[in-house]
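Down below is the structure, laid out as structure tokens.
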Amino acid sequence: MKFSIISVALASAITVDAHGYLTIPFSRTRLGAEAGLDTCPECSILEPVTAWPNVTEAKVGRSGPCGYNARVSIDYNQPATNWGNSPVVTYTAGDTVDVQWCVDHNGDHGGMFSYRICQDQELVNKFLTPGYLPTEAEKQAAEDCFEKGTLPCTDVNGQSCDFSPDCQQGQACWRNDWFTCNAFQADSRRGCQGVDNAALGSCFTTIAGGYTVTKKIKIPNYISGHTLLSFRWNSFQTAQVYLSCADIAIVGDSASTTKVSATATTLVTSSKTASASCTPAATVAVTFNHLASTSYGESIKIVGSISQLGSWSASSGVALSASQYTTSNPLWTATVSLPAGTKFEYKFVKVSSEGSAVTWESDPNRSYTVPQSCAESVAVESSWK
């Protein structure tokens, strides 16, 4: 009993410290920060709650699956001018994609995290309707649905899916479908920042600078013109849970579209999405949004297995624009028109100021399939590895 009292007191004393939010794909929280409305995107906190060792015990309350930031009084469960009105990225069912969140330097309290997709479109639509704020009962119902739709770490071939070093076998946290941070008290590569071991400032936070935490997820065999990817981080040291979400679309590839669309529960329409009678796009404008910190004079190119990306020749690759680049958000972008259904592998490269030295990303190659749908444009989010 003494331990419990001390633990609660300790957690209460340091609850202001843990901070993090979803950054790739662009979450509603990130969009709120980039619009200048959220002055602390890492501060959407559900507290005090039981966050450990049972990582699914806590009810989400007003935080919902998308998060509530009490510091700036923003409820991300409701669409607003700068978020929630349309997907920020389109994925293909069955694809493996990069996802990333940002943990603040002063707020890395270890723990475990998960990515989730709720396949109850009627319920999700309550979080997509402009002017409507879901009730707490609807928020919890959605959270329960997202929990059922957890995208297991183990679904991605070759991905390391360890058990948390801060959890003991037999505890509720002893599961590797969720992703784990490194040991909270590790001597090196500690906590969540140790997952990528990226440099301080590799992602944006307002308190002390952030560290990226990057993983891969497999998109489920589900089609939606507009749905949500929810992120949940349970802190190990503090009684806190962090939630955020991103608006996404999921299309089927040529082999699965007919099969998946035949199930009435997975086909989605909305005022923002083309109807089923639209003409499929022959070519798609694929925008690559890539985060990569560079030195003065360096540039970024995308090089790949198809001719439009230089056929693996760095000199023939597509140069990305740094027009939106900032120190806190080192964004490089390029848009390439590609035939629908095109499958390819690719990497990003850094080119020196003289153009003579080229640094390639680490293996493995990235892969992508251009959606075959009515959408004429899609965005692909990533960061340097």
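Note: Cβ is positioned from N, Cα and C throughout, glycine not excepted.
For 1-18, the entry in Swiss-Prot reads signal peptide, with the evidence type experimental evidence.
When Cβ atoms from all protein chains are considered, those within 10 Å of His19 (methylhistidine) total 28, not counting its own. What Swiss-Prot records for His19 is methylhistidine.
If you look up Swiss-Prot, you'll see 19-248 marked as domain 'Chitin-binding type-4', on the strength of sequence analysis.
The Cu(2+) binding site annotation in Swiss-Prot covers His19, His109, Tyr242. Following the DSSP three-state reduction, the secondary structure of His19 (methylhistidine) is coil.
Spatially close to Cys43 (disulfide bond) yet at least six residues away along the chain are His19, Asn69, Ala70, Arg71, Val72, judged by Cβ distances under 8 angstroms. Positions annotated as disulfide bond by Swiss-Prot: Cys40-Cys43 (among others).
Sequence-distant contacts of Asn54 (N-linked glycosylation site), defined by Cβ-Cβ distance under 8 angstroms and a gap of at least six in the same chain, are Ala172, Cys173. Annotated N-linked glycosylation site per Swiss-Prot: Asn54 (among others), in sequence order, evidence recorded as sequence analysis.
Annotation comment: Swiss-Prot describes Cys66-Cys245 (among others) as disulfide bond. The Cβ of Cys66 (disulfide bond) lies under 8 Å from the Cβ of Arg28, Asp75, Tyr76, Asn77, Phe127, Leu228, Ser230, Leu243, Ser244, Cys245, each of these being in the same chain and 6 or more residues away along the sequence.
In the three-state DSSP classification, Cys102 (disulfide bond) falls within a strand. Feature annotation from Swiss-Prot assigns disulfide bond to Cys102-Cys203 (among others); the stated evidence is similarity to another entry.
Neighbour list (Cys118 (disulfide bond), Cβ cut-off 8 Å, at least 6 residues apart, same chain): Pro65, Val124, Ala142, Cys145, Phe146, Lys148, Gly149, Thr227, Leu228, Ser230. Summarising the annotation, Swiss-Prot assigns disulfide bond to Cys118-Cys145 (among others).
Within the same chain, residues at least 6 positions away in sequence whose Cβ sits under 8 Å from that of Cys153 (disulfide bond) are Gln159, Cys161, Asn176, Asp177, Trp178, Phe179, Lys215, Ile217. Per Swiss-Prot, the feature disulfide bond maps to Cys153-Cys161 (among others).
The feature disulfide bond is assigned by Swiss-Prot to Cys167-Cys173 (among others), with similarity to another entry given as support.
The Cβ neighbour count for Cys192 (disulfide bond), using a 10 Å radius over every protein chain in view, is 30. Secondary structure from DSSP puts Cys192 (disulfide bond) in coil. The disulfide bond annotation in Swiss-Prot covers Cys181-Cys192 (among others) and is backed by similarity to another entry.
As annotated by Swiss-Prot, domain 'CBM20' applies to 278-385. Secondary structure of the domain 'CBM20' (278-385) per DSSP, as helix, strand and coil residue counts: 6 helix, 50 strand, 52 coil.
Taking the Cβ of Asn365 (N-linked glycosylation site) as reference, residues of its chain lying under 8 Å away and at least six apart in sequence are, in sequence order, Ser305, Glu345, Tyr346, Lys347. Residues or ranges marked as N-linked glycosylation site by Swiss-Prot on the basis of sequence analysis: Asn365 (among others).
Using CA atoms as reference points, the recorded positions Cys40, His109, Cys203 were checked against Cys192 (disulfide bond), and the closest is His109. In three-state terms derived from DSSP, Cys153 (disulfide bond) belongs to a helical segment. Sparsest Cβ environment among the recorded positions Cys40, Cys102, Cys173, Tyr242, Cys245 (other Cβ atoms counted within 10 Å): Cys40. Ranked by Cβ neighbours within 10 A across all protein chains shown, the disulfide-bonded residues Cys167, Cys203 are led by Cys203.
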